[in-house]
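Lifted from TrEMBL, the feature list:
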type: DOMAIN; residues: B:24-105; note: domain 'Manganese/iron superoxide dismutase N-terminal'
type: BINDING; residues: B:His49, B:His97, B:Asp185, B:His189; note: Mn(2+) binding site
type: DOMAIN; residues: B:115-217; note: domain 'Manganese/iron superoxide dismutase C-terminal'
Amino acid sequence: MAAAAATTAISLTRAFIPCQGGSTRSLPFRKKERQCMRKAGPCMITAKFELKPPPYPLNALEPLMSRDTLEYHWGKHHRTYVENLNKQIVGTELDGMALEDIIVSTYNKGDLLPAFNNAAQAWNHEFFWESMKPGGGGEPSGELLELIIRDFGSFEGFIKEFKAAAATQFGSGWAWLAYKANRLDVGNAVNPLPSEEDKKLVVVKSPNAVNPLVWDYSPLLTIDVWEHAYYLDFQNRRPDYISTFMEKLVSWEAVSLRLEKAKARATEREKEEERRREQEEVKMADDETTETHLESDADDSEAK
Amino acid sequence: MALRTLATRRRLGLGFQSIRGFQTFSLPDLPYDYGALEPAISGEIMQLHHQKHHQTYITNYNKALEQLDAAMAKGDAPTVVKLQSAIKFNGGGHVNHSIFWKNLAPVHEGGGEPPKGSLGSTIDTNFGSLEALIQKMNAEGAAVQGSGWVWLGVDKELKKLVIETTANQDPLVTKGSLVPLLGIDVWEHAYYLQYKNVRPDYLKNIWKVMNWKYASEVYEKECP
């Protein structure tokens, strides 16, 4: 199966390449899928990112978001980002990396590398399609709602903040709800006083292709506020588009599911860090023993 | 209202009027009908672009200036600083669009006619040919990520033509001592209803209604 797919990849560069198992991918991490292409043979294998369709037909959001908009937005804009990314990374060190890793790596701490825009836009759009559903909107429930109330005061407070972020993003960009786990991503520094409260929901906006992955947040919900996202349906009326999205399109089930994964990821990372700290402590203890041993050696030789 | 419209008609400056201690701005009229640039740019685009987008920049610019005025009167330093981004964005939107309307002209009024006189020869000297300049501006305009502008400006100090891009509504003055001769709006609102995702086609066609006469006049004033 993998070998067959690899052959297809070589002869038909734009071909849809099925993955072993063909199971539905789970955002945000999907390293496995790309790795399966790598094992296929000794020749240079080019793994391709695919243009994944929205999880509903293109006319399913009408009349709130027209089929016309979806045909251009998914069929042209999103497709172009994916195709250009594939062309851009072929044969480079980025080829074969998970999309999320490409995004963080090419963000390059804010000094963007050429593949960043296409990589991040490819990711953002897929995440955006999956943030909506026909008959969406309403209110979230369960833990998501509890955290929203905890961190924004009320659901209405959250809606107000999210809408404001989307409306005031100057120019093209995105507004996000994200889960911010307890991390200080500054090399050796550790949070001197970690607490459960550090892990919280935040609303952020980002220009052009930037997304919260580059700040090491876990995105939960996004709205595209590039003009191409709403111009055919709403023209200049961005606030109307934002209200429609929040009130009638958001898939709170998707957001809840992402929250669960984000929390699991944060827990996993905490465990990893704990393991690393323990290993370091053991290593340091070992080093100290060696040093003492050497010192006593030196003492011995001096005595002789 | 009708009176003010009459008074600003054909003036096309950064139309402003004084309220209290500071001046507010109002929408300048277009020097041509909304449909006059067709088929290069549709009347629908021109109308929305002028009546809605440009008007919104002006409304929000005036609002920000009013807040700035109040903050300065109170000596409220944090608010004065906080307002800078809204002033840059909305004020820039007003400045840029005011130039943009003058950069365009219907074909029967000389739109698309190549520059003559000193600007024409300077373009040949600086870029090789008008065609080369157009290609370069199209390439840079197409490469602007997200929203922004591509400009042909003249560097007043070096007496040289330069191509620059600016993000969002940053006006060309944010790039140094440059005077804008031509600005092309590459925000999606400038072309989406007609050209959809194909920005390069919009860039290709806009030269058919480019008002080089205006650019030449500005150039000759700056570099006599």
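Positions of Cβ are set from backbone N, Cα and C atoms, glycine also.
What you see is a predicted model, and the numbers here were worked out from it, not measured in a lab.
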DSSP helix/strand/coil residue counts for the domain 'Manganese/iron superoxide dismutase C-terminal' (B:115-217): 53 helix, 25 strand, 25 coil
C-beta crowding around B:Asp185 (Mn(2+) binding site), within 10 angstroms: 24
Chain A, Cβ under 8 Å: which of the binding-site residues B:His97, B:Asp185, B:His189 qualify: B:His189
Site of maximum Cβ density within 10 Å, from binding-site residues B:His49, B:His189: B:His49
Environment of B:His49, B:His97, B:Asp185, B:His189, the listed Mn(2+) site - residues of the same chain whose CB lies within 8 A of the CB centroid: B:His50, B:His53, B:His54, B:Phe100, B:Trp187, B:Ala190
B:His97 (Mn(2+) binding site), number of other Cβ atoms within 10 Å: 24
Residues in the domain 'Manganese/iron superoxide dismutase N-terminal' (B:24-105) grouped by DSSP into helix, strand and remaining coil: 62 helix, 3 strand, 17 coil
